[in-house]
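Annotation comment: Swiss-Prot describes 1-20 as signal peptide, evidence class sequence analysis. What Swiss-Prot records for CYS39-CYS66, CYS43-CYS68 is disulfide bond.
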Amino acid sequence: MKFYIVFCLFVVLLINFAAAEETEEPIRHAKKNPSEGECKKACADAFANGDQSKIAKAENFKDYYCNCHIIIH
């Protein structure tokens, strides 16, 4: 009987752990690229600060740069 109770608790914990893993996955990979509005803001901020390089780093996106030439023109 003890083995059965321990086994059931183990299965319940395993199911809870698997459910917790599934809920965390979409949060980590929520958004990879900024929207057009976020790029427009990044480009406007860059131009306001005197940067005329035609690319701007989008806020909150580590490795993504917006092509300001396409957005502004």
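Every residue, even glycine, has its Cβ placed from backbone N, Cα and C.
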Other C-beta atoms that fall within 10 angstroms of the C-beta of CYS43 (disulfide bond): 22
Three-class DSSP secondary structure - CYS43 (disulfide bond): helix
